[in-house]
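For reference, the structure is listed below as structure tokens.
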């Protein structure tokens, strides 16, 4: 440190030395200059001045000298010090040496201490060493001791080992002896076991032989019983035939008798007395003959009954025997099982096998001659086969014998029958008829019964009524009948070919439903060769039960064919299998093995096999696919799809039912002739050997003749169907009656039989599905039927159809309810608009729905169908086009209302088919979006959990989410969210919804679903679905829906009596949303929290603390509640305080009285409730927790009474309209749960230039977009809510002027004649008046892009509103006409706006949809007589008489105002309802969204109300 300081000091000293040297030089220089200057001064200055200055200069000189002397001395001193310091030697090396010495001294100290320690340790070690020396001696002694111990141990161990060895040897000898003993005992036991085994084997053989005997006996008995039953049945059939013949004869005799009676009466009138005797004689002879016939009939009936009784006895006996045999069999089986269990593991069958082989070689090889095959068959099988062949021979001989003896026996009995007028020869039963439902009347006029057909319905339905009951014939009856007829044909062959019948009778248990052997198919190849019948697939399934189908192979082949010919699975499923695309995809992708399929599950594979068997099927299907691709929009396409849809259960062969629309009568005739050939072949194969050739030729001639007659009828029917199609004139009622018999006779049972009775009753068509196509007056449908019918028509079915026709005709006359859209030729452009949607919708609808085109006007159609049909039609009236469609709100109130088409107020407007709402369509995902998620693993469970949370948090229902984001139905969404599949198990299509969910969570998709935050305007809603959704979610659950403000209720001063208000209000109760529900007792709606949109944005609960959270969030976060306890407490509070459930429901829960009553009476447990279902209980709990709950409800009740009295008073004092409304109750007092919001809202007054600007904007765009509204607001320095309200009020005023004029015109009796549908279509009830812009910011629901789309109320074409020029023309009077004060006391108009005279608007503007009214109170300062009230007072039932808002009522009485009086202006007084101010609540987006939804409902109700004839309104 010192050396550093010294070096520093040296440097400083050096610097100062150099500075001093420099200063010395400088001072010398300056001194010289001073001397020179003084010299010059002496020279230049005058002397007197020098004298004056001399002393001063001298003193300066002296001072300078002294200073210089001082400085020199100082410098000298410094230099001496400096020299000395320079001479001092460098101290650094000395310091280093000192430091080293210090270190050495330190080390010395350390070494001394260490030495001391070492000395100490050395002393210790020395001591230890001494001790160790002493221990060595002891160690040696110890070692010696150890050696001794070891020696002793060794000796002990040896002795112990010897002892043990001895012991073990003894044990071994003993065990060996025992082992020998056990061996002896086991050998003896083994011998016993072998002996037992032999005895058991012999017992087993015995039981097997017994079992075999039992089986053979059982088979013999079953075959014998089958033979007996068959004989009984043949007797029964013959008896039936005779009975029928007798009945026919009896009928002819009765007719003769009646005709004779008639003639005798006539004769008696002419000649009374002389002919009495003859008359008596003739009558007596006829009566005698009739009595004989009746006796014969009675005898035949007795025979039939006796045969039936014997048959039932036989059945019972056989059943009891079978059960006994089965019991025996079970017993034997159980013993057999026990024996087998004993034999397991011990049996040795080699010897038995040898014996069997020798037996086979000895017994069966020569007799059967089967060669190598028999060697593989077991002995039992060979014995069974032998026995079976013997039994079958025995059975055939017995049948032929009984046949011969039976015919011989009957010859004597049937002798009188041969003398009858028309004896029927006992011809053999016919072959299986083409149409299973027809009566087999061409040979013996009765059904054929066979053992295979003895089903449960044998006696009940078929025997009791020989003609099949059409409407109730189910699949089972058909199936059994078909099998009966099949078996009958087989038996008839069996009778002829006794030798070849060995395979017909199965020796297995007797089955009623199936033929176990497939051989009948081989024997009668014509069975499958016939044209398709509706039940052929079922019969094929039952016949070919035995044959197994390789399902995987068939599915593979079908897929190959579909891919090869580019046929879609939907088309294939629709036309071939009768299944949906999803089912087809499932069957083809994962075909189940044949043995795991049910009978119904096997059907599609039979159909697919049939489909693959013929190339024509594939080509026909390909042509259909091509046609559908070429013109998918054709409306008629659906008609051709529908007919096969009803028959698509038939089978895989589709060529017979797929017909192009162009095919004409030539093809029909061709197909008929082909069918005739097939019939002939069938008859030839079925013809027994005994029948003569002449009879068969006669039959075939008859068949061909009937077929050709049928063809002629078909062509006539086609012509008749085509004629009306060429011109729009409808088919009249007579035409229908001409056409329907032909069609019905053509296919009496062609489609009925496909459906079971339940399905037929569910379809809303009378008697049978095919009647719809036959009876519909539609050209394409008739044409289609005409082409399809020949393929399904057997000869002789026309007679059978007559019975079907009568009930159908009566049904048609009564009025049947068709669910087909009415295709109107008047509006082709509309059809083009909707056809693509309809075809889409139709593909998803059930195949049972009938649709056909119709050129018939509504009135005639309604005459045909009657009131029930029209009522049905109005139920089925969904309007897919209008976002404000009223269809979903319409409620049928009976035929008395004028809502059916024939008495609708729009006689001239054509009925246009409204498509069912199309499936929710969402824009497809981009390839980029697919690629991001498709190949990465997504946790579906976590994803669905997040989605559910987000949906619950934002209060979005699953239906909206499904429609807007996923493009799925609510059910699919619910299923997906509750049970998500793992990502790895999903197909590409199955992954798409999850990708969409992920994109939605990330904010890349479907943002229109979420409520928009922070916007002044609520979201623009574009579809009915999105508008209606919040209703279904809980009817604006987070809005104070039930507390409908003044804009939702009739004005308190409206001139209505209470009884009339009851009419309108009771109808409102039927509204789907409680938002617009009012009391049934004529009270006004609950105005609590007057428009709660301002005072309480989120819930109608009277709790200010919860305003931050929406009710959905409260429900989602609430713990499990005791629903029973809550309801019990609520009921107690209500009853104790005498509060009604209606008031509580509307004010607190937002529900109707009925819903509240249901909730309180039958509360569900919390865990079984959905989020929506939990909401009322959360509201109840919050209400119960509120200390002021009862007081608030009591206040509401009191105010309701006051308002009711006020209304009655105002209805009485209608003639003084200028009574100031300031005396009205301020509904915010006590009604609002937040008592701090009690200030009335100030009136907004617009300047004239602001009004002019807004009017100009209105003329350009009456429904401005949110962007336009914001621009206007910023330009005019107004609030956006003010601009929105101004537009809304202005539109309402213009519409009201038109409305009042129309009412006035109607009151003069001219409305009915002049009013056009378009002018009446979209008229709305008036809304708030004037330019007052206070109130809640309403949300105008606009079409996208700001287009003004108007929808006609009857579903006509959407029109764009009229051009601005027309609008300008319409609105000019509004600016020119002067306001007239209502009475002398009314102050002038503050805002200075002119009233407008009523003037009709252009049609386009009239048709524009009504604006969405705000939820605000009516404009402040309105006069009650013209003050606008909510359009909600209009009810949803279109035909209902309704008491409208005040404008309508005030304009109606002709005494109060002249017909063309200008509309009266509102006064400047405050409105009846004060609006509380709430700054914070204003921007709540949830409130706005709910308000928008409410407004849309109100708008739809306006439309529904304005559709009616004004003249029909009752006041």
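Each residue, glycine too, has its Cβ placed from N, Cα and C.
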Checking feature assignment: region 'Disordered' per Swiss-Prot, candidates 1171-1206, 1207-1242. Which range matches? 1207-1242
Among the residue ranges 509-546, 547-584, 585-622, I'd like the one that Swiss-Prot describes as region 'Disordered'. 509-546
Phosphoserine: annotated position in Swiss-Prot, out of 405, 1079, 1332: 1332
Which range of 324-363, 724-763, 884-923, 924-963 is region 'Disordered' in Swiss-Prot? It is 884-923
How about the DNA-binding region (929-1016) with the DNA-binding region (1112-1199) - do they touch, taking at least 3 C-beta pairs under 8 Å (6 or more apart in sequence) as contact? yes
Quick note, residue 1279 (SUMO2 cross-link) and residue 1496 (phosphoserine): C-alpha atoms separated, nearest Å, by 23
What kind of secondary structure is residue 1496 (phosphoserine) part of, going by DSSP in three states? helix
Distance check, please: Cα of residue 1496 (phosphoserine) against Cα of residue 1265 (phosphoserine), rounded to an integer number of angstrom. 17
Would you identify the secondary structure of residue 1279 (SUMO2 cross-link) according to DSSP, in three states? coil
Averaged pLDDT score, the DNA-binding region (1112-1199): 89
Between the modified residues 1265, 1496, whose Cβ has more other Cβ atoms within 10 Å than any of the rest? 1496
